[in-house]
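K.L.:
I grabbed these lines from Swiss-Prot:
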type     : residues : note
ACT_SITE : HIS98    : active site, proton acceptor
BINDING  : HIS266   : heme b binding site
SIGNAL   : 1-22     : signal peptide
SITE     : ARG94    : site 'Transition state stabilizer'
Amino acid sequence: MDKTQRSQGKCPVMHGANSAVASNNMDWWPKALNLDILHQHDQKTDPMDPNFSYRDAFNSLDLAAVKQDLHSLMTDSQDWWPADWGHYGGLMIRMAWHSAGTYRIADGRGGAGTGNQRFAPLNSWPDNANLDKARRLLWPIKKKYGNKLSWADLIILAGNVAYESMGLKTFGFAGGRADIWHPEKDIYWGSEKQWLAPSDNPNSRYSGARDLENPLAAVMMGLIYVNPEGVDGKPDPLRTAQDVRITFARMAMDDEETVALTAGGHTVGKCHGNGKAQDLGPEPEGEDVEAQGLGWLNKKGRGVGCDAVTSGLEGAWTTHPTQWDNGYFYLLLNYDWELKKSPAGAWQWEPINIKEEDKVISVGDPAKKFNPIMTDADMAMKIDPEYRKISERFYQDPAYFSEVFARAWFKLTHRDLGPKSRYLGPEVPSEELIWQDPIPSVDYRLVASEIVELKAKLLASGLSVSELVATAWDSARTFRGSDFRGGANGARIRLAPQKDWSGNEPERLQKVLKVLSALQASLSKKVSIADLIVLGGAAAIEKAAHAAGVNITVPFMPGRGDATKEMTDVESFVVLEPLHDAYRNWLKQDYVVQPEEMMLDRSQLMGLTAHEMTVLIGGMRVLGTNHGGTRHGVFTDKVGVLSNDFFVNLTDMAYSWKPVGTNLYEVVERKTGTVKWTATRVDLVFGSNSVLRVYAEVYAQDDAKEKFVHDFVAAWTKVMNADRFDLA
């Protein structure tokens, strides 16, 4: 069937299909709470068998054989996408870099950990142009090793091997990145409605003088880092330096790492802009089926090799773009540079009066040479005073530069992989790095009878059910499944900065920690504070469940260590501070975003589903764990009893709900007009949202008392063990 015939036919599905252009619920009701971020990545989208373990599969992989195949690929140029100077290293490094470079510290999202570069929007971002070709070049290797090697791991490994093949001694490589199977729904990339929109356009990510919206790190929609031509495409290295500094800081990089990564990334490979951007076809997501997932295809010629167009800039940064050397700093610091336009019309910097021997051999004709080029960000490494000092040192000490870069590259490509306990493979570095949030291992075991005895001592310590539960929750709730930071393991709630966070109620926290420390000191057997905190929560929940008439044992696995202040980078933990916690009915202040939206975001980071979120909220309310002891949402007369009262009263039509202030409501008896309870938006949303109400009704039913307790315990245990990667 040709396109003409297809366009004339009517939809064969009665009333139309909802796979493409039909309106969905969010189109009709844009203010409705969208729970999709809690429903992504479920087993229905995962083609792997239910018992498949990527960890086990990767551990059976012959990594040396994979690396040998990658080494061979680097110089095996293909006619359909020829390698620059016969080496794919620059392309593979850019692919790996752009996979890892979407990471941002504010929420831990982005990064290389899921293979998300295969999906929209990343696969079609302007800054990722022609990386579809890099992944197609890797397909024979992925096909060969199958499920033992994820795309996420292969992409980073390819970048590592590319550097090694060009002479760099890398710091190491760890596997363990499991693939996802559809685009992520939880990542906010910005609110702009067009690619590469200038910062003064509507829906800009900038406010004030040039304040970049959190949690974003990139300066434009569709870019990984900064605009290579300058701020909003206007060359000015000093202004660009500020963009670079903010962007890399939001990726957890300091100035030295920033200079090293910029220089090391541009020591090899080249920019492509020897043509017109308007000659390129759509990005992969916008192409037709015959393109088979490829995009940016040249409509007026092959558009490959020396005629390729990617960023629009044209040229290499160094004289020898297929070898690791110090040529970047040699050229940058020894020549004066002037602004020029590339053949595609992009701004770039070129050297003045360059020596013939310092020019770059043409990709297409070895008899020709061209000027090297620098982006505005490269010029920032020379013009900005602090970056200049670092550049000078790297230039004078190439070995130091190589070491700093290798470590920074490892950090860039492993930052979102989590602690070292998640690392897989024979090339994992032995050195503990502070950005990995190290936790000491424990050397004790607890048998069942000892755990029972400890629970009794915790319940007899004078601490209340709410104090024990709230402390365990506060310790564990920092976990982020995005970059696997935070959690109860390490008991960093006792250390700065967590011990002083207002969300942790420092005065109450210190009271609890003092009691737990005294209990720890009295024990004949060593037990970590981290384990005691979690066990205290378990003991309290068992007591509350028993009071509700349900006998249950909360699962507990000892083995958590206690981190020290020397193991803790205080500054890096600042971003984990909770500014809201729906589970404890707390907001640090009023925000533009509605509390229920923030609840979804936090729940998604913790790895919770919608029904797990629901049952935890209901349980935490009746246990009396609200921040500061407030009574909002505590729909029960039996505080401290793990009952389903929250849901019973929420769904009871004997009550009406009236707003009495910002994020505050009264629950009023319809017959008498008496105020029975107070509530917040995150309480009432479980009765107002149609999906959440369905879950609330399940737990409000007369036959749900035991189910509620069992489901609460299961969800609680999931949160407490979220960072126990040793149990995987």
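The backbone N, Cα and C atoms fix where each Cβ goes, glycine too.
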K.L.:
Expressed to the nearest Å, what is the distance separating the residue listed as 'heme b binding site' and ARG94 (site 'Transition state stabilizer') at their Cα atoms?
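P.N.:
That separation, Cα to Cα, works out to 10 Å.
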K.L.:
For ARG94 (site 'Transition state stabilizer'), which residues of its chain lie six or more apart in sequence with Cβ-Cβ distance below 8 Å?
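P.N.:
Expected: LEU131, ALA134, GLY265, GLY269.
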K.L.:
Only counting partners 6 or more residues apart, tell me which same-chain residues put their Cβ under 8 Å from the Cβ of HIS98 (active site, proton acceptor).
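P.N.:
Once residues fewer than 6 apart are set aside, HIS98 (active site, proton acceptor) is near GLN117, ASP127, ASN128, LEU131, ILE224.
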K.L.:
Taking the Cβ of the residue listed as 'heme b binding site' as the centre, count every other Cβ atom within 10 Å, in any protein chain shown.
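P.N.:
A count of 25.
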